[in-house]
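K.L.:
Swiss-Prot feature annotations, pasted as is:
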{"type": "REGION", "residues": "25-186", "note": "region 'Disordered'"}
{"type": "COMPBIAS", "residues": "62-79", "note": "compositional bias 'Basic and acidic residues'"}
{"type": "COMPBIAS", "residues": "80-95", "note": "compositional bias 'Polar residues'"}
{"type": "COMPBIAS", "residues": "98-114", "note": "compositional bias 'Basic residues'"}
{"type": "COMPBIAS", "residues": "148-158", "note": "compositional bias 'Low complexity'"}
{"type": "COMPBIAS", "residues": "162-171", "note": "compositional bias 'Basic and acidic residues'"}
{"type": "REGION", "residues": "203-289", "note": "region 'Disordered'"}
{"type": "COMPBIAS", "residues": "211-221", "note": "compositional bias 'Low complexity'"}
{"type": "COMPBIAS", "residues": "249-258", "note": "compositional bias 'Acidic residues'"}
{"type": "REPEAT", "residues": "548-589", "note": "repeat 'WD 2'"}
{"type": "REPEAT", "residues": "607-647", "note": "repeat 'WD 3'"}
{"type": "REGION", "residues": "758-780", "note": "region 'Disordered'"}
{"type": "REPEAT", "residues": "828-870", "note": "repeat 'WD 4'"}
Amino acid sequence: MDTCGVGYVALGEADPVGSMIVVDSPGQEELSQLDVKASETSGVEASIEMSLPPPLPGFEDSSDRRLPPDQESLTRLEQQDLSSEMSKVSNTRASKPSGRRGGRTARGAKRPQQRKPPSTPLVPGLLDQSNPLSTPMPKKRSQKSKGDLLLLKLSKGLDQPESPHPKRPPEDFETPSGERPRRRAAQVALLYLQELAEELSTALPAPPLSGPKSPKVSSPTKPKKTRQASSQGEEDGSARDEDFVLQVEGEDEEESEAPSENSSDPEPVAPRSTPRGPAAGKQKPHCRGMAPNGLPNYIMAPVWKCLHLTKDLREQHHSFWEFAEWIPVAWKWQLLSELEAAPYLPQEEKSPLFSVQREGIPEDGTIYRINRFSSITAHPERWDVSFFTGGPLWALDWCPVPEGSAASQYVALFSSPDMNETHPLSQLHSGPGLLQLWGLGTLQQESCPGNRAHFVYGIACDSGCIWDLKFCPSGAWEHPETLRKAPLLPRLGLLALACSDGKVLLFSLPHPEALLAQQPPDAMKPAIYKVQCLATLQVGSVQASDPSECGQCLSLAWMPTRPHHHLAAGYYNGMVVFWNLPTNSPLQRIRLSDGSLKLYPFQCFLAHDQAVRTIQWCKANSHFLVSAGSDRKIKFWDLRRPYEPINCIKRFLSTELSWLLPYNGVTVAQDNCYASYGLCGIHYIDAGYLGFKAYFTAPRKGTVWSLSGSDWLGTVAAGDISGELIAAILPDMASNPINVKKPAERRFPIYKADLIPYQDSPEDQDYSSTSSETPNPPKARTYTETINHHYLLFQDTDLSSFHNLLRREPMLRMQEGEGHSQLCLDRLQLEAIHKVRFSPNLDSYGWLVSGGQSGLVRIHFVRGLTSPLAHRVQLESRANFNAMFQPSFPTEGPGFSPSSHCLLPNP
């Protein structure tokens, strides 16, 4: 028997005996309240009885007569009235029943057994004449709740037997033609509206024989909740309204199969093709196609991105003029005679024999041997330049110039005086050495350099080996035509040297034109000067200063953002030391008798257990620094909290690292002594903020001695012990590099140096037929033995274009060497590359300088990575530089205002 608002109907024949289940009746107070309502509804039920339609043929009662109700019937009528009112309250506040048919309700109450339905179905809307108080039974598609069962027991009376569960009406009865199946919630709402209409009207119109067509009740559509969510929502009042919500997806299917005929405004349905979930977001655009240089666009896209980012960040963090009091003075530069300069000069006066083979150009096998401090003319097609420094190269850096200045480019370097000299790191040592400054001319992107690389001047030092040198990133260069009152000279840059005696020396370099104009006509060529440094930076303090406690200074890093006042150094004992260069504190700054300064650090901490091999600042924020030591650890530091590193990674023995401007991580070169098999080479390591895994940039068989990155190109270059110089274009490291496909397409060789033996004298050797497949040369442990029986062969790659790169001979040779490289470590590695540096200047951003054990320094232009976009940026920078240039005039002293300089002050 179903409970539906105003009454109950027993359909068909009933079993004589039903099962009885005792259910607790409602409280006395609640029944007394319902008695009052029952008296109020007696008049309404009388009107309903008068408006009942006549029965259809075949549905009459067998007696065909109406008997007056007895006292027992009246008692049942009162109970039915009470149950009618209770059903109104319970149905409007009933919770959603469980979705399982024939099981327990949401509250866990068991379904009572009811009487069987009649074999002949009834038409909805018609009344049974045998029961004058019967009401139309609305259809039901869900289970009854516990409240329905309670009302059912109350209406039947505790003394009456229960009827079995009625059979389910057929589908055609539950789903009228032209309508979708209605759920129980819609039926309850419809029944409630019918009761309101009965109270307002005295009679109801006779329903049609085909069945009633109930008006649609519009309700906001919500997604169907799960069974667990619906059970939890019974205690929440808002969750009980789920019975009035239709399932969106099920409604869409039913509406497509049987659309409503009597509804003029159908409910809006979401299109099925609309994606949902995370996949509905905007997809990342793909870079398809090929760039003009022959590389895919997805490889070149990070290069173009880095160009704009570097330009914007340099405008924010770089300066036009800093350290105005440190101007070169002519009388501090003492020109040495030939006899005085001899101890500082490298011992080798001639370079080893070498030859150059360029891809795509037939060579005649020319063998070169050049003098010390000499160079060969740039190749007219490939623009590569070579010169000889006289000894193994261990320190190298470009002189920064402002963007758009179109000025001459300079590199400073240090070569060891002896080819066979070794330097123990555990002990301090000093001795003569020569700091060299080379001029490369105006390196343009459109034309071959017109001038040879030339030795400008040298600085004689007595601090031993120079392990590292760094120029001030910006604000130290001024125009060479700036006129100054004697003895002041226009400044080229500020240079810091990390020496093997534990000191850091700071020099103010003048422009070569102004300095060479001060020397007499019969002066020695090349010019070697003995210079008094601006400042000497030491560890310790004023009262306790012992450089031997920290050992040799192995690495330097200049603060990359303006005002560039801090300089960091890494020492052999694991200390990282910081100096404040313009400090006036008497505890950190002492003026010596010769006019120079001695500076002491303002901060230092123990960063590693062993020697600090390299350090780098974050170029976007000077609060962060990274260091790598001989303890195989890479540590990221926040200088505001130096007591603990931000991130510490122990992987391998790092030789050098590079922190590119756009990315939150460093590219690391490694020694192969601790590397896992197949994993030696170049790695990109995230700083820890993004949590990405290490990205294997390029595999190498031997130790990678040097690594350099170009902020303008988003590219790193590395030179190793086997004499191969390669470049790798990094992907966009702002996203996870684990998804990068085909990393082999992102790297390419620049040149490969091989040590080739010859049988007889160099004049009888056929160099044109010699190749890198020559058998391994005999073991030679000294430089003299090596050059007597070997020569160097440089095999250059055509860098003007990268079309068909994967099938070209240099690329195949590089890939073969990555898997089957032959290293001979028991001889002098004359072909090894020790230092590599990309140009940091916009005017020469595609140029790369490298050198190594042989003392030969080579310059290459990676023309294929340049683009018309970069050329437009260069033109804009030149226009801005010319707008800021002012006519120069003599200045009165070192403390002049920047407004009197050739550049306008910083914005």
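Heads up, the Cβ atoms here are built off N, Cα and C, so glycines get one too.
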K.L.:
If you average the pLDDT over the repeat 'WD 2' (548-589), what number do you get?
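P.N.:
That stretch averages a pLDDT of 93.
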K.L.:
Grab the same-chain neighbours of the repeat 'WD 3' (607-647) for me: Cβ-Cβ under 8 Å, and only residues 6 or more beyond its ends, written as numbers and ranges.
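P.N.:
Tertiary neighbours of the repeat 'WD 3' (607-647) are 313, 317, 425, 551, 554-561, 566, 568-576, 578, 653-661, 666, 668, 674, 685, 687-688, 711.
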K.L.:
By DSSP, how many residues in the repeat 'WD 4' (828-870) are helix, how many strand, and how many coil?
P.N.:
6 helix, 18 strand, 19 coil
K.L.:
Let's see if you can do this one: DSSP helix, strand and coil counts over the repeat 'WD 3' (607-647), in that order.
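P.N.:
When I sort the residues of the repeat 'WD 3' (607-647) into the three classes, I find 0 helix, 19 strand, 22 coil.
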K.L.:
Could you put numbers on the helix, strand and coil content of the repeat 'WD 2' (548-589), residue by residue per DSSP?
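P.N.:
Taking each residue of the repeat 'WD 2' (548-589) in turn, the totals are 2 helix, 19 strand, 21 coil.
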